[in-house]
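Below: the structure, in structure tokens.
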Amino acid sequence: MALEVVGGAFLSASLQVLFDRMASKQVVDFVREKNVDDELLNKLKIKLSSINKVLDDAEKKQLADPAVRKWLNELKHTVYNTEDLVYEIHTEALRYEIEGKPHLLSFFSTRSYAKQINQRIAKILDALEYIVKDKDLIGLKEVGRVDNKSPPRVSIIVPPLEDESGIHGRDADKEAIVNLLPSDADTVNKISVIPIVGMGGLGKTTLAKLAYNDFRVNNLFDIKMWITVSDEFDVFMLTKAILEKVTSRTCSIEDQYDLQLKLKEVLEGQKFLLVLDDVWNENYDRWYALKSPLEFAACGSKIIVTTRSESIGSMMGNVPNHRLQVISDEDGWKLFAKHAFSNNNVEPSIYSDLEVIGKKIVEKCQGLPLAIISLGGLLRSKLNSKEWEKILKNDIWELIDEKKCDILPALWLSYYYLPPNLKRCFAYCSIFPKDLLFEKEIIILLWMAEDLLQPQKYKTLEEVGDEYFSDLVSRSFFQCCDDNFIMHDLVNDLASFVSGEFCLRLDDNDSKVVSSNARHLSCMGYGRSIKNLEAPFENKLWRTLLRNGLESSDFEPMQTMQCLRVLRCIPISPLPDSIGNLKLLRYLDLSWSRIEAIPDTVCTLYNLQTLKLTSCHNFRCLPNSIGNLKNLRYLNLSLTAVKQLPETICNLPDLRTLSLSYCRSLSRLPNSMARLTNLRHIDIEGTYLEEMPPQMSALKFLEKLSYFIVGKDSGSSIEELEKLSNLRGSLDIKRLENIVNVDDVSVANALMDKKYLTRLSLAWDNDVDDSHKAKKVLERLEPQINVEELAIANYGGTSFPDWVGRDLFCRLGKMELTNCRNCYLLPPLGQLPSLKELCVEGFDMVGRIGHEFYCGGSSSNSMTRPFKSLEFLKFSDMSSWEEWLLMEGEQEDGAFPKLERLELNNCPKLSAACLPDCLPSLNTLEISGCKMLLASLQDDQLPTLEVLELSCCPEVESLPEGRLPSTIHTIRILCCGKLVSLLEEGWPSNLKSLSILGCDKLFTINMQWNLGMLTSLTSVTIGGQNVALDSFLEEGQLPITLTSLTLRNIPNLRSLYSKAFRSLTSLKKLKICKCTNLQCLPEEGLPASLELLSIESCPLVAQRCQREIGEDWPKIAHIPCIRIVDRIIIDDMC
């Protein structure tokens, strides 16, 4: 994307879009027809053009001169009024074009309408006259703009800030925080609160994420939670957020006391790590209220707090504040160079002149990582010393310092040098609350609705928006956060400063003064009702209204908001007919509303570009008049109950995206879909369509199609895929059995030119009788070599065509072959250089896997090491498989040098002797239904094996069978119905955790458990037994080193043997769950070492353990933490 390095003023792009709109054929023709004075319009354009020349000077001086900032605001207000007027004219022309009849606005005649428009233009001209005079009074001058253009950019998404490869100067800080997390030594405070304190832009959140994600921390805590707090410290909402993080479920509790009781219950005995990021609250009572239920968690729990305030850190923390300092100039240069040179793959030292200038720029950033990253992003790809000098010597550094402005100079410079079109898009984002995660697609749709995207030849508006967005990401105005994006608080402050009084963001219980000039309003907050919205609703000039919890009654005052372009009201029910009065509306989001239909008046909103009905679960049908929305580009009906779409939807010439994902009731698409020739995306994932509509090949611009169902008729045959050359991402092709003429060239061409596909699934629906035909079909469906994932299901051929496994597929990382029941040979997959995951399931005819699997027809001398990248391998339902032969001349570290996880399920004839001799990286082995595989698992075969799972092996009567590798620390035994004994010999010497689930015969009268000598064993889980058990556990059956014991889902267990439990002198945690017939706790009590007792869904025991009055209370009163059913019985200090 070619963009100016030296940016123009914010309003320059607005004026350009305005001039383009005024010159459009629709506006020109309508003005002429309605006798609007076109001379006035020309004067208006001339006047605005004259002001445009001084905008660059004004934008620079506004920081130091309040009069200039006020002048700019007055000009913005006038430009907005002009845009509204021109947009109204354009809308009226559009309505006239669609309805084919004149419209008498408010009973005015056409002449009166023209007079009204002329008066409004004259009023705007009067305002502009004063603005032009004022520009001379405040000393604004024309400034020549340097027109240096950068080469086309590669859209680069910078990694999240917690990516350690991009962080410099924080190693010691990270170690300091991480070292505080394992310690349980604090005898005064059960929970340690660790404050990270520092000014904005220092990287407090980044440091917290580094500690949070450190590999040493992962196993220290039962629960990890991250909560972004920001300005509003709402105890109820924060408690609810924490509870939802812990339970991974939505919480409907509305009473704060009940909510805290519930949180107390679920945290009891659990050791957690909680990060409270970006705290501003100075009220101790609020902090105490939030903290109180957290105190019932296990000792050693930790809370990390990030804040800019020393006093907040001291108030919340019980360890000294970790004061984050600025980074050194040396580390700052490394960080700057990473961002400034990353597009060129060159060493900064090669450009010695730039290094000298760059280090001086870093010095001016005063050690703030955010400022350094921002300027590095600004100069990315600019290897011109003049451009770097402009940044270094720009007088903005001094201007901001002199005026003690809250905006960082480096951030303002990054903004100042943005092109004008990006400035408008960035400023608009000030409408979003701090720390809000947002989707790229939604932001682009909002920009489009606000006319912030300048059309480019040969590009759609969506493509232009994507370039704008990627450029803002590359300059660090937006940061990646998983699949979404976020703005740093200081960047959000910059956006708010730039947008000024024209964007208003109300948080919960906010009472900001509403400027009469404000155009964009968001009331999103935490989702509670916003108080005192009467004042904002008195403003008739709103263009944007983003609000949660809108009521139907709120629409009455909204009817007068005739300039509204964007409306998000989540949720609303019902939607009133008066929505049709908002004639300029371009974006309407009704997601999560309880509506069954939309009124016909919505379909008179002829400007509408975006209509979102996502997750309106009761929504059933669109009106037939939907076809009137000629400008509609984006329609989202995902997760609705819609059963069919009206044929009139095919009258939408500009429709680009049709999202129908998980519309479970939808069975077919309209027959005339071929008329939607501009369609780019059809999302039908999770739907159950019976067939494809005819002539899909007409959608030549289509980029996303979740799946294609091959039909027998010519209109939906495989031939329809041939012309869809722009398909990208993922594509499933179903019902390949319906291909009639295999020799048709269209079959071969269906995938050959699909160079943008990254995932492909080829599936037959039924058993295939003609294996020869199936192979010819698959042979002709060879994809492009850049595919990354490939799945083949229900293939009926006896062998695979040559292209399957060809090493030219250098990007293929994941492959699934499922239910290919006629195949007697696996394809040669060993030479795929990037293959990381492989699943082979349902190959009934394969009896032997040998040389062909590793290299096919290649000689062992010419091939590379087979499966050199494979990390996960699964074989399942291989009923005839007996031999797994090794490759001839196998290298020292085997054919699977990087394999970490191996699953073998239902391969009953496969023996242990067939396993590869060496799997040097294997960490986890799962064996299910493979009775012959357990005889021999050797150390030398599996030198790194740590986790072993055995399941559904009905013939196994005793374990282990032979000596297991000593490296194993975790064993899970599931559903082995004939297992009667656990042997004394053969267990791994490092075994720490053992789980036994669903093995009834182990619990006979003479329980043959011989685990007492396993002194390394610390954790045992037992459950899923249905046999009658009068008592459980005999003395000596478990080692005295055991620290954790869980008994789960043993409904017929009646009692626990006293002496056996008393002998477990190291036991710290005992959890008993769903043992509904357990009568009582052991007669002689529980070990004195016990720190946590958890009893859930055991009603008989729960009755006996009531505090003070229960018969078993004396047996447990010494235990610090006790959880019983849905109540907490606990000491205050726990």
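The backbone N, Cα and C atoms fix where each Cβ goes, glycine too.
What TrEMBL records for 10-97 is domain 'Disease resistance N-terminal'. Summarising the annotation, TrEMBL assigns domain 'NB-ARC' to 173-344. Summarising the annotation, TrEMBL assigns domain 'Disease resistance protein winged helix' to 431-495. Look at TrEMBL and you will find 554-632 tagged as domain 'Disease resistance R13L4/SHOC-2-like LRR'. Per TrEMBL, domain 'R13L1/DRL21-like LRR repeat region' is recorded for 718-842.
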Residue counts in helix (H, G, I), strand (E, B) and coil for the domain 'Disease resistance protein winged helix' (431-495), per DSSP?
32 helix, 7 strand, 26 coil
Out of 173-344, 554-632, 718-842, which stretch touches the domain 'Disease resistance N-terminal' (10-97) the most, going by CB pairs under 8 Å?
554-632
What stretch, picked from 173-344, 431-495, 718-842, has the most CB pairs under 8 A with the domain 'Disease resistance R13L4/SHOC-2-like LRR' (554-632)?
431-495
Averaging the per-residue pLDDT over the domain 'NB-ARC' (173-344), what integer do you get?
84
